[in-house]
């Protein structure tokens, strides 16, 4: 490069940029396909959805009219909506801490193994790869009130049997167990990636400093160094947990007595069972708003704590 | 607070590779011993074995005469400075420095995250720690940085924090693993001086690992040169430079590298280089290597004991000194390096002697002889054999 430049008499030929120069008006045309795709597949559907939340459109109807905030007002007064919102929040509150902590503990324990590390990583990751709907059937059997092995176990050790999917106070925890089971393995993989990025010298420094207790070492080195990973895991797990749908649709259908109505299930019923697309869109807008808010708050709060 | 460290026949294998093959060296109390060697020679592994971070497969480490092999790093009372400094990124500088003291002086409950600060009866210990941190921060001049996080510091400042953390509990031995190699060249020279000064001030035992022979030469009381998992020579910087025990030592120590020439000793022990007889004598017979440091070579004026034909290839100016890269047209066609002063170069250029083929010369007393295995051979050159060599003793230049 310098050789080429210096072979030119200095001052006569103007210094030229390497590569072709393209006028901006032409350059934008090159970007058009990707802009169309971005708008068409990502932004437009959301805009259409938001617009529909202000209409009384019903699936299959030929025309519709704008109704303003009517859909939101009826949501505000709708008991089912509020119950589904609370149930979803309860589910998130159960699933997120459990699956993050279990994922972290698994990652640290498996990472510390001398042999068999691969086996355990694959084993714990398997639930992520299996279809939740198929596995839900297995869980339904496992947690069944009469024939379920879990109940047999409980009665065998002298505890009362539990109707996991029949008792309104037990149905959300039962669904949460399945949620944790399906998410913990994925979180473990994310934490494992974070663990391998921790420099070995930091552990050595802590050993020389006198930290020889594994729990203290975990809190002095491992956990702080996993901060950014933890933040990512908490946010993605929250979003996934908020979107709980398949287990509810397959196992409980919102029952018993609406005790497992969750936001997306109610949304699905409104849109595809009762055909009220306008109302369903309003629920989706609320749903998106909550996820956005949750992620923003978490990012803001955690960002300050995890990036040093 | 200073101690001797005795390293005796330490062995370490990683799988089939023998990283350390029975390394032994005794470090005196208050000594600055440098372990120097090329990458992968096992010097960092040895340091970690001394610290107790990895167990050895054989041999014993003793500190102050007592074996410490069974002790955890905490109980060995050594501290270590790492190449990456290994500061805790989530802690302030103050907390980083205080960590080794907290671990030792506070109860385990008081060290719990979040709830630990409510532990009763720790106020006196906490005050002591704060005082110690302040003192040591003053020693390395980082008082103004105590509330910052490591990410907000420059490389040199992090280095000082790492030093302060190592110093704060006044350990018996300081271990340093290439602490200067992440700094830029200027700062490295500066910190070299500061570390030497620190060593003198503390009077503690330092074991310092580096691959940089300049660091080894400038700071150490003694240098231990490691190659392929063994210590080849332990000597003072002066001794290891002028009197290397092995051709690998001669090559590693000294910059630019020593000039090595193939020589041949006849049955009388007279050595010839590229067919030319020299004044060198030895007791061995056959192939050998003659080592000539760049600064003992001169442009021959007819008075040299060793002469080699050469032709100037390139001149490299270092400021006060100049390196002449010379092509040796003898049988082994090696490039040789001469170090002369800028004034000498000017004189040579004026006389026009560098323009054609010329002869490089050296005094026989300054040459280093190595046998075919690279071991040092004693040279015989009369009464001057044991005379110590100084920088200018082998030098004589035409026209100066």
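Using N, Cα and C of the backbone, Cβ positions are placed for all residues, glycine too.
Curation plays no part in TrEMBL annotations; they are all automatic predictions.
Among the ranges A:143-167, A:218-242, the one that TrEMBL lists as transmembrane segment is A:218-242. Comparing A:122-142, A:170-198, A:218-242 for CB pairs under 8 angstroms to the transmembrane segment (A:89-110), the maximum falls on A:170-198. Long-range Cβ contacts of the transmembrane segment (A:218-242) within its own chain (Cβ-Cβ under 8 Å, at least 6 residues beyond either end) map to 88, 91-92, 95-96, 99-100, 103-104, 108, 179, 183, 187, 190-191, 193-195, 197-198, 202-203, 206, 211, 263, 287, 290-291, 294-295, 298-299, 302-303, 305-308.
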